[in-house]
């Protein structure tokens with residue numbers, strides 16, 4: 001074998017360790033995070049993640065272009081399919097009450113490489129979802145002011161002609177993300193209180209839409225003269241189901257917050273079931289009254305509810321719908337940003353992400369990027385590659401910290417320095433080859449990191 005190349009035995013052990021499972025701890029309730037969320041908190045987090053702007057936009061789009069009045073069946077079938085996935089989350093959340101959601105569940109059941117891929121997919125979901133909601137929030141507010149924000153930005157900044165980018169920089173969306181991130185970084189209790197406020201307003205608006213919508217209902221709009229109940233047939237209902245399914249994906253925020261729940265074995269399954277039931281009921285009832293108020297083929301896909309009330313002579317109700325839509329977008333944005341740092345924290349604590357992201361803010365008791373990471377989550381894992389391993393000379397410290405939060409600029413500097421150090425360390429290791437007598441330690445280490453069997 002050429003000098004410096006790993007042996008076949010090392011490659012075999014490396015492949016085996018890619019599929020190793022994370023062992024479950026004997027006492028899964030022990031955690032260095034503060035358990036402060038009740039069943040109500042988790043339920044409202046789940047409702048806020050599912051009942052968002054899709055209620056005000058998705059119902060009209062699916063009804064007009066895919067299913068007609070049978071959109072309520074599309075939401076019903078999508079809710080049943082989501083319930084099957086929710087039951088899996090509920091069982092895992094009760095058995096493994098740790099932060100990490102789908103990433104952690106994959107780690108304990110399938111293996112490390114799959115957990116790594118799932119973790120990055122979940123991060124991508126939250127990043128894109130948060131950016132999309134902030135962009136929608138900005139566009140909605142801009143439309144209220146007759147697009148004066150867009151015109152001002154284009155006149156002073158110019159128009160970009162770059163593929164895959166917007167025509168102009170959306171500073172309002174960036175500011176919304178920063179403000180929401182600031183609230184999320186204050187901890188779980190502050191984020192939960194803010195989510196309670198917006199969710200309560202959103203549910204009151206939804207109740208108003210349902211009650212007034214049934215008062216203004218016209219059963220004739222489902223008659224054969226208007227195209228019937230299912231004008232697109234069974235294929236249209238299934239096509240609408242595929243789109244409506246994405247309205248229910250927000251319940252994973254409950255599983256991501258299970259390590260901060262007071263009684264996760266009871267609260268997580270109950271919160272998932274209740275929030276999914278409330279979201280399904282809201283979508284089905286709102287889509288029902290929407291298609292009963294006005295003919296399905298005349299709906300405005302961009303603002304179906306507000307336009308429906310306006311056409312029935314209740315233009316003032318459009319302002320209430322606008323308030324509910326903004327509150328719903330706020331709850332979805334908070335849900336995405338609330339879950340994002342917890343997934344990063346879980347991956348960093350497991351050694352699959354940079355260790356600097358496993359540190360928390362000093363105001364919540366422990367030190368920040370320059371302090372110590374959470375010891376309770378990292379006792380099965382090592383320090384970053386090339387750093388000293390945990391030993392009597394380098395003991396781990398248990399820190400009763402509270403909530404993880406997004407890293408600051410110092411954390412990014414440490415991240416860049418640590419990455420540069422790792423690149424050069426791995427290059428030197430490859431050039432030197434494996435020294436004699438080091439094969440015995442390889443059973444316990446992978447690239448200098450202690451592993452479990």
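From the backbone N, Cα and C atoms, a Cβ is placed for every residue, glycine too.
Among the features that TrEMBL reports, region 'Disordered' is placed at 364-400 (among others).
The region 'Disordered' annotation in TrEMBL covers 434-453 (among others).
Non-local neighbours of the transmembrane segment (39-58) in the same chain are 133, 136, 140, 192, 195-196, 198-199, 202-203, 206, 243-244, 246-254, 257, 261, 263, 266-268, 270-272, 274-276, 278-279, 282-283, 286, 301-306, 321, 324-325, 328-329, 331-332, 334-336, 338; each lies 6+ residues outside the stretch with a CB under 8 Å from one of its CB atoms. Annotation source TrEMBL lists transmembrane segment at 39-58 (among others).
Non-local neighbours of the transmembrane segment (70-90) in the same chain are 59, 62-63, 101-102, 105, 229-232, 236-238, 240-241, 243-245, 247-249, 251-252, 254-255, 268-269, 272-273, 276, 279-280, 283-284, 287-288, 291, 296; each lies 6+ residues outside the stretch with a CB under 8 Å from one of its CB atoms. Feature annotation from TrEMBL assigns transmembrane segment to 70-90 (among others).
According to TrEMBL, the feature transmembrane segment maps to 102-123 (among others).
According to TrEMBL, the feature transmembrane segment maps to 171-190 (among others).
The feature transmembrane segment is assigned by TrEMBL to 197-217 (among others). Non-local neighbours of the transmembrane segment (197-217) in the same chain are 44, 47-48, 51, 55, 282, 285-286, 288-290, 292-293, 305, 308-309, 312, 314, 317, 320-321, 323-324, 327-328, 330-331, 334; each lies 6+ residues outside the stretch with a CB under 8 Å from one of its CB atoms.
Outside the transmembrane segment (229-254) by six or more residues, the chain places 42-43, 45-46, 48-50, 52, 54-55, 58, 61-62, 66-71, 73-75, 77-79, 81-82, 86, 89, 93, 101-102, 122, 222, 268, 271-272, 275-276, 279-280, 283, 296-297, 332, 335, 338-339 with a CB less than 8 A from a CB of the stretch. Look at TrEMBL and you will find 229-254 (among others) tagged as transmembrane segment.
The annotation transmembrane segment is assigned in TrEMBL to 266-294 (among others). Sequence-remote contacts of a segment are chain residues at least 6 beyond its ends whose Cβ falls under 8 Å from one of its Cβ atoms, and for the transmembrane segment (266-294) they are 37-39, 42-47, 50-51, 55, 59-60, 62-63, 68-69, 71-72, 75-76, 79, 82-83, 86, 89-91, 93-94, 97, 203, 206, 209-210, 213-214, 216-219, 221-222, 244, 247-248, 250-251, 254-255, 258, 304-305, 307-309, 311-312.
Taken from TrEMBL, the feature transmembrane segment applies to 314-338 (among others).
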